[in-house]
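Visitor: Pulled these from TrEMBL:
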- 27-464: domain 'Major facilitator superfamily (MFS) profile' (DOMAIN)
- 61-81: transmembrane segment (TRANSMEM)
- 93-116: transmembrane segment (TRANSMEM)
- 150-174: transmembrane segment (TRANSMEM)
- 180-199: transmembrane segment (TRANSMEM)
- 211-228: transmembrane segment (TRANSMEM)
- 234-254: transmembrane segment (TRANSMEM)
- 266-289: transmembrane segment (TRANSMEM)
- 301-325: transmembrane segment (TRANSMEM)
- 332-351: transmembrane segment (TRANSMEM)
- 357-379: transmembrane segment (TRANSMEM)
- 400-418: transmembrane segment (TRANSMEM)
- 438-459: transmembrane segment (TRANSMEM)
Amino acid sequence: MSESITTEASKATEATVDENRRSTKRALPALLTIFLLGTLMIQAFNLVFQNVGDSLGMSANASLISTLPGIVLGVVCMLYGTLCDYISPRKMTLFGVGALIIGSLLGFFGASNFWAVVLARMIQTAGGQVAGSVFLVMAMKYLSDKERAFYLGIFNAVYYASSAVGIFAGGLITSIDWRYLFLVPLVSILLIPPVLKYTPDTGIKGERIDVFGIALFALIAGFVAVYFSFPATWMLGVLAVLILIFAGYVWKGANPFLSRGFVTNGAYMAVLLALFVFYFFNFACVPIYNVIGDRIYGISLSQVSLCLTIVYIVATLVGCLSGVIMNAMGRLPMLILSALLMIAGAAGSALMLTSGFWILTALASVFIAGITMSYTPLYDSFSATLPVDQNGRGIGIGDLMMNTSASIGMAVYSGLMANPQFGSHALAGVKTGIQAQVANMFWVMALAALLALIIVAVFHKAMSAKAPQE
C-alpha cells in the first residue's frame with residue numbers, strides 16, 4: 001500500500017516538473033521581450049540624459065537620470081533573484097510589468113518636471129529588471145541542462161544586442177522628442193496574456209520570508225552602488241558596519257535567507273570569484289575605445305560608434321551561440337577559451353595599438369567575445385553548486401557581484417587613465433603619454449584575464465561540483 005502511494009506521489013511530482021518545464025519554455029520569450037524593453041530604456045536614457053537635463057533647465061543634475069536608476073538596478077538585481085525563491089514567478093512578473101507601465105506613464109505625462117522624470121526612470125528600471133531575474137531563475141529551476149545553456153546564452157545576447165542598438169541609434173534618439181521614449185515599454189501590455197497563461201504560479205507554501213535579512217542585504221547592495229556613483233570615505237565605514245551586522249545575523253539568526261551553509265559553500269564562492277574577475281573590466285570596453293579614437297587616431301565619435309556597434313554585434317552573435325558551444329565543449333573548456341580570448345584581445349590591442357583602428361576593432365571583438373562567452377558557463381555553474389531551492393539567491397548575488405565587479409573595474413580604469421604617471425613608461429614600441437597609458441591599460445586588462453584563467457584552473461573541481469543536498 002505504501003509503495004503504491006509513493007509511486008503515485010512520484011508520478012504526480014514528475015507531471016508537475018514536466019508541466020513547469022513546458023510552461024517555462026512558452027513564457028520565456030515574453031519575459032525576454034519585457035527585459036529587452038527595460039534594457040533598451042537604460043541604453044537610450046544613458047545617451048540622452050544631458051539633453052533631458054538641458055531641456056528642463058537642470059543641466060548640472062542631468063547625470064542623475066542615469067546614475068540613480070543605475071543604483072536601483074544594482075539593488076533590485078539581487079533582491080528579485082532572492083525573492084524568486086519565495087514568491088510565485090507569475091506574481092513577480094506581473095508586479096514588474098505594472099511598475100514598468102506606471103513608470104512609463106509617469107515619465108510621459110510628467111515630462112515637464114525633472115524629478116518626475118528621474119522617479120519615472122527609477123520605477124521603469126525596477127520594473128523592467130523583474131522579467132530578467134524571473135527569466136534566469138526559471139531557466140535554472142525548470143529547464144534541462146541543454147535547454148538552460150541555450151536560454152542563458154540568448155539572455156546574454158539580448159543585453160549586448162540592446163547595447164548595439166543603443167550605440168547605433170544614438171544620433172536618431174537625440175533627434176526625436178525624448179518624451180516619446182517613455183512610451184516604448186507600453187508594448188509590454190500586450191505580453192500580459194502570455195505571462196498570465198504560461199508563467200508558473202509556484203512558490204514556497206508556508207515559508208517565512210526573511211524580511212530583515214533581505215532588507216539588510218539590499219541596504220548593503222545599495223550602499224555599494226551609491227559609493228561607486230558618489231564616492232565618499234564615510235560610506236566605506238558604514239558599509240563595513242553593515243557587513244559585520246549581516247555576518248553576525250547569518251551566524252546567529254534563527255532562519256536567515258542566506259544560511260551558514262550557503263555562505264560557506266566553497267564551490268559557489270569559487271564561481272563568484274571567477275565571475276568577479278571575468279567581468280572586472282566589462283564597463284571599460286567603451287570608454288577606452290572612445291579615448292583611442294579621439295586622442296590617438298583623431299576620428300569622429302560617429303566612426304567610433306560604428307566600430308563599437310560591430311563589436312557589440314559580435315558579442316550578440318557569440319551570446320546566441322554560447323549555449324550550443326557549452327553543450328559541445330562543457331563548462332571548463334569554455335571558460336578556459338573565454339579567458340584566452342580576453343588575453344588575446346587585450347594583449348593584441350596593446351601590441352598593435354598603432355596598427356589601425358579597424359585592427360583594434362577586430363581585437364575588441366575578440367576581447368568582448370571572451371567576456372560574453374564566460375557568462376553561460378559561469379551562471380550554469382550556479383545550478384551545479386547550489387540546491388534548486390537556492391538558485392534564486394545564487395543568481396541574485398551573482399548579478400550583484402557582476403555589477404559590483406564592473407563598477408570597481410571602471411573606478412580602477414578611470415583612476416589609472418587620469419594619472420599621467422601611468423603613461424610615463426612605454427612598452428612594445430608605443431610613445432610615452434596617451435599611447436603608453438592606453439597600451440599599459442590593455443596590459444592590465446590582459447593580466448586580469450590571466451588571473452581569471454588561473455582561478456578557473458585552481459577551482460575547476462569546485463565549479464563542476466554537484467548540487468549539495470540539504
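Cβ coordinates are placed from backbone N, Cα and C, and glycine is handled just like the others.
Unlike curated entries, TrEMBL annotations are predicted automatically.
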Visitor: Given a Cβ distance threshold of under 8 angstroms, which distant residues of the chain, six or more beyond its ends, lie next to the transmembrane segment (332-351)?
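Guide: Non-local partners: 274, 278, 322, 325-326, 360, 363-371, 373-374, 376-378, 427-428, 439-440, 442-443, 445-446, 449-450, 452-453, 456-457, 460, 463-464.
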Visitor: Tell me whether the transmembrane segment (400-418) sits in contact with the transmembrane segment (438-459), defined here as at least 3 Cβ pairs under 8 Å among residues 6 or more apart in sequence.
Guide: yes
Visitor: Mean pLDDT for the domain 'Major facilitator superfamily (MFS) profile' (27-464), as a whole number?
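Guide: Averaging the confidence scores along the domain 'Major facilitator superfamily (MFS) profile' (27-464) gives 87.
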Visitor: Looking only at the recorded stretches 93-116, 180-199, 234-254, 301-325, 438-459, which one has the largest tally of CB-CB distances under 8 Å to the transmembrane segment (266-289)?
Guide: 438-459
Visitor: Which residues of the same chain, at least 6 past either end of the transmembrane segment (211-228), have a Cβ under 8 Å from a Cβ in it?
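Guide: Contacts with the transmembrane segment (211-228): 70-71, 73-75, 78-79, 82-83, 235-236, 238-239, 242-243, 245-246, 249-250, 253, 256-258, 400, 403-404, 407-408, 410-411.
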